[in-house]
């Protein structure tokens, strides 16, 4: 089994090193990851300047681009043949609820799914630097085995969030839905020595709604959350309402 591993924390991050090590026990692993941290870049793709990839160790490539770039380069060029599965992670910090829309980790798995390749995004839900990457990596390896045997439904990826706990304190794994976070938008404004303003985004408080059945609810209770995601963003519940609107009267 050929496994492409990527992330958004950068090729030297502890999470991806741990993940690659665990997956080497079950397949041929090639790491293609950003050469620096690219957290919260979402599904960005580099189109207006060339990308460079350096093989910093055997089967480990550092790319001066985004996680989505890395998946593209890995699948179409660097691996030589299509991987059987793509695993993105292990991210430092959870990717739950609405946060997945920002996540480079999840977007890398989405890119693989767009190309018809099974994919997982794996995150360690920690508020610090993370102590239990090995636990998350071991779980990811077990899940890769299951996916390789059973496959995934079309256009589906798995978003996995593992509590930052020792193995003996984990309460098992559950399938969940995407949760909901309440955002308090806040911009911090500062002034540089030349009198020009600069800004920091995202300094407000961030709270998840503790709703049963969601990813956050599970992780908060020491459970591994496995959320199936798909690429169709259509809001089907709104179709009936919108079809009652008379768009024919709109003038352009």
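In case you wondered, yes, glycine gets a Cβ from its N, Cα and C as well.
According to Swiss-Prot, the divalent metal cation binding site annotation covers 8, 9, 39, 91. Secondary structure at residue 9 (divalent metal cation binding site), as computed by DSSP, is coil. With a cut-off of 8 Å between CB atoms and residues at least 6 apart in sequence, the same chain places 15, 16, 37, 38, 39, 91, 92, 105 near residue 9 (divalent metal cation binding site), listed in sequence order.
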Would you say which of the binding-site residues 39, 91 has the most Cβ atoms within 10 Å of its own Cβ?
91
Return the count of C-beta atoms lying within 10 angstroms of the C-beta of residue 8 (divalent metal cation binding site), excluding that atom itself.
32
Given the divalent metal cation site residues 8, 9, 39, 91, which other residues of that chain have a Cβ within 8 Å of the mean position of their Cβ atoms, reported in sequence order?
7, 10, 13, 15, 37, 38, 67, 92, 93, 103, 104, 105
Helix, strand or coil by DSSP: which one applies to residue 91 (divalent metal cation binding site)?
strand
